[in-house]
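To start, the structure itself, in structure tokens.
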Amino acid sequence: MQADILDGKQKRVNLNSKRLVNCNQVDVNQLVPIKYKWAWEHYLNGCANNWLPTEIPMGKDIELWKSDRLSEDERRVILLNLGFFSTAESLVGNNIVLAIFKHVTNPEARQYLLRQAFEEAVHTHTFLYICESLGLDEKEIFNAYNERAAIKAKDDFQMEITGKVLDPNFRTDSVEGLQEFVKNLVGYYIIMEGIFFYSGFVMILSFHRQNKMIGIGEQYQYILRDETIHLNFGIDLINGIKEENPEIWTPELQQEIVELIKRAVDLEIEYAQDCLPRGILGLRASMFIDYVQHIADRRLERIGLKPIYHTKNPFPWMSETIDLNKEKNFFETRVIEYQHAASLTW
């Protein structure tokens, strides 16, 4: 029996040897010992929020959609919102699988990335389920990023950010390479999921607040819960990489990130103006200027940068839904406050 035992104890993982990136000497297949407890907490919280769109009845939404009780402007907001989200979730999922996962060398962080990729698939399924339920032209909705200029501009911007990281020869073992990787993380976690998506949530949840399209609203609430964890994981990942590789956090990189976020804010304002040429449900396109700038400042602060807009939140009810002021940055507080989906009240 003794001959069956291999002399491999030296390959057991040392916790202090683990790093988020550029750590190929540590066996990424060994989950334990867990070093980055924040990554594992995000994974557990994601699993606690498990849901599927088909669990949510759409009968009242179908009845309302087929009636004359929605204005053309209200229908426009819903259709353009679905047009953006239907492919945006796929872009995020593809970026996780094809760009981020291979360059993250920590198993607990990878564990969460796998969970997140599944959730992006569920979200894409959600938009198909909504289209099927309402009898919408699915091809038109899912092709909106080729037919609507404001949606295409946002998605093209995202693809610019991920282009270099998708190159098969891309590496993160240089300062420049790791800086490019961090910009990718900013583009998808901070901008796409933390700015573009939150603006879209306001539009649809405004219907839900007035007891309209309540099935869609409930699904967006579940997506918002998921995306809040995605955002927090992304921020912790960015800050963790900064902490382990302080040489990358140069004034030049910081300014590049600020400029990316400024561009994103401008693009989101243009999209809001396309969605809302006239006011509905107490929403006006001008309100989204303040809101997008407000949440952009909050995202900048959470990765250690100064706010640039200093605008107030015109939608305080969104802060009541997911209180941005109480989101805890792991690297500032070492505390993560989440509630399981089953215990959340709306």
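Numbers here mean position along the shown chain, with the first residue as 1.
Note: Cβ is positioned from N, Cα and C throughout, glycine not excepted.
The Fe cation 1 site recorded in Swiss-Prot comprises E120, H123 together with one of E72, E74, E89, E160, namely E89. Among E147, E193, E259, only E193 appears in Swiss-Prot as part of the Fe cation 2 site alongside E120, E227, H230. Sequence-ordered, the extra residues of this chain that approach the Fe cation 1 site, with Cβ no more than 8 Å from the Cβ center of E89, E120, H123, are F85, A88, S90, V92, G93, E119, A121, V122, T124, T126, I223. If you measure from the Cα atom of H123 (Fe cation 1 binding site) to that of Y129 (active site), you get 10 Å. Ranking the recorded positions Y129, E193, H230 by Cα distance from E89 (Fe cation 1 binding site) puts E193 first.
Within the same chain, residues at least six positions away from H230 (Fe cation 2 binding site) with a Cβ under 8 Å of its Cβ are Q116, E119, Y189, E193.
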